[in-house]
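Engineer: Okay, here's the structure, questions in a sec.
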Amino acid sequence: MPFVKDFKPQALGDTNLFKPIKIGNNELLHRAVIPPLTRMRAQHPGNIPNRDWAVEYYAQRAQRPGTLIITEGTFPSPQSGGYDNAPGIWSEEQIKEWTKIFKAIHENKSFAWVQLWVLGWAAFPDTLARDGLRYDSASDNVYMNAEQEEKAKKANNPQHSITKDEIKQYVKEYVQAAKNSIAAGADGVEIHSANGYLLNQFLDPHSNNRTDEYGGSIENRARFTLEVVDAVVDAIGPEKVGLRLSPYGVFNSMSGGAETGIVAQYAYVLGELERRAKAGKRLAFVHLVEPRVTNPFLTEGEGEYNGGSNKFAYSIWKGPIIRAGNFALHPEVVREEVKDPRTLIGYGRFFISNPDLVDRLEKGLPLNKYDRDTFYKMSAEGYIDYPTYEEALKLGWDKN
């Protein structure tokens, strides 16, 4: 793979991106964050982090000391999942492999946070049916799309509107997964309430048409997310917890900017987090997906939403904010955004193809192109074989 063409890098070493910041208990040496990157290399059966490659993959990207790494989305329980090749953190075998990964990250003097991920209607209903598991969402009468509805009915596993007892069970599973993460050596956890997965399905009025205390109003739609946050904070401490949100996202059939009340919904969540913070329970960070990337399967520049921005969050939430979405090819935007001293920048796809991305950002070096075809391929190719800048020069990539 050659370097990215028609891209003029800018050295960002003189910006706030390379100023230290404390996130929870972690003293980061810069503000370029690795956000959660699903890679589908976990081993089936068992949803076990890949024994052959995962340690090396994470160690490569932790090579710059003081880097914050948020792991790929990780299932708290079998019921949370529905993808065979994404990892979990409920079994002894899974925890054993995660322990090795966290150790490798820490040996490079970087930091490991686990993203806790529950799929809901984005799961494969036939995979869940095979394993005797429900196909869950906020409601049972609106599916993610026609294809998912057809799969669910064919598998005799129609979408299930989870009961209040089942919500309580999910909360317990988030708590146990957070405890497992910390026991395995992680520095913290990120609760995934973005990108159309289960917690986001409760936040969005398109997917949530419940009439109980978990639907029907901004406050009720936020209840499940906030219950998870509160329970996990009580279990491991607020300084070890972050929350991810995607106000304008349309991935997995979310409303995004088409929903007129969407900013009010997220402003309420952020306000509740700030209220808790003032009472002594400030989360380590809030992580926002930018309207620049409303759907992670689209390439840079596609699917941008221009009708709003995440700036509203800064006037409500007064803690650190990670912002992720199509920043790597726009260093001029990064230069402006990091002028706010609370801002960190998440770099996703280009951290896949550039294990030394932090060095390249600092010095303004060319970036390796990524190969989208290997994002979710069960192979070492496209996973642990991307070269550093020096290695790429030896391969002649600068001449391609």
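Yeah, the Cβs are placed from backbone N, Cα and C, and that goes for glycine too.
These came from Swiss-Prot, pasted as-is:
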- THR38, GLN115, ARG244, ARG349: FMN binding site (BINDING)
- HIS192, ASN195, TYR376: substrate binding site (BINDING)
- TYR197: active site, proton donor (ACT_SITE)
- SER353: phosphoserine (MOD_RES)
- SER379: phosphoserine (MOD_RES)
Engineer: Sorted by position, what residues of the same chain at least six away from SER379 (phosphoserine) have a C-beta under 8 A from it?
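Structural biologist: SER379 (phosphoserine) has no long-range Cβ partners.
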Engineer: For THR38 (FMN binding site), just give me the three-state DSSP call.
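Structural biologist: The three-state answer is coil.
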Engineer: Which secondary structure state does DSSP assign to ARG244 (FMN binding site), in the simple three-class scheme?
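Structural biologist: Note: ARG244 (FMN binding site) is in a strand by DSSP.
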Engineer: Look up ASN195 (substrate binding site) in the DSSP assignment and report helix, strand or coil.
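Structural biologist: Its secondary structure by DSSP: coil.
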Engineer: According to DSSP, collapsed to three classes, what secondary structure does ARG349 (FMN binding site) have?
Structural biologist: helix
Engineer: Go through HIS192, ARG349, the listed binding-site residues, and name the one with the sparsest Cβ surroundings, counting other Cβ atoms within 10 Å.
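Structural biologist: Among the binding-site residues HIS192, ARG349, the lowest count of other Cβ atoms within 10 Å belongs to ARG349.
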Engineer: Spatially speaking, which of the recorded positions ASN195, SER353, TYR376 is closest to GLN115 (FMN binding site)? Use C-alpha to C-alpha, please.
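Structural biologist: Closest by Cα distance to GLN115 (FMN binding site) among the recorded positions ASN195, SER353, TYR376: ASN195.
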Engineer: Including all protein chains shown, what's the count of other C-beta atoms within 10 A of the C-beta of GLN115 (FMN binding site)?
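Structural biologist: For GLN115 (FMN binding site), the count of other Cβ atoms within 10 Å is 22.
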Engineer: Out of the recorded positions THR38, ARG244, ARG349, SER353, give me the one sitting nearest to HIS192 (substrate binding site) by CA distance.
Structural biologist: ARG244
Engineer: Which one is it, among the recorded positions ASN195, TYR197, SER353, TYR376, that lies nearest to THR38 (FMN binding site) by Cα separation?
Structural biologist: TYR376
Engineer: Quick one: pull the CA-CA distance for TYR197 (active site, proton donor) versus TYR376 (substrate binding site), whole Å only.
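Structural biologist: TYR197 (active site, proton donor) and TYR376 (substrate binding site) have their Cα atoms 18 Å apart.
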Engineer: Find the longest CA to CA distance in the recorded FMN-binding set THR38, GLN115, ARG244, ARG349; express it in Å as a whole number.
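Structural biologist: With THR38, GLN115, ARG244, ARG349 as the binding residues for FMN, the largest Cα distance is 18 Å.
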Engineer: Given the recorded positions ASN195, SER353, TYR376, which lie within 10 A of ARG244 (FMN binding site) by CA-CA distance?
Structural biologist: ASN195
Engineer: List nothing but the largest Cα to Cα distance in Å, as a whole number, among the residues HIS192, ASN195, TYR376 that the record says bind substrate.
Structural biologist: 20
Engineer: Which number gives the other C-beta atoms within 10 angstroms of the C-beta of TYR197 (active site, proton donor), all protein chains shown included?
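Structural biologist: Step by step: centre on the Cβ of TYR197 (active site, proton donor), count other Cβ atoms within 10 Å, giving 23.
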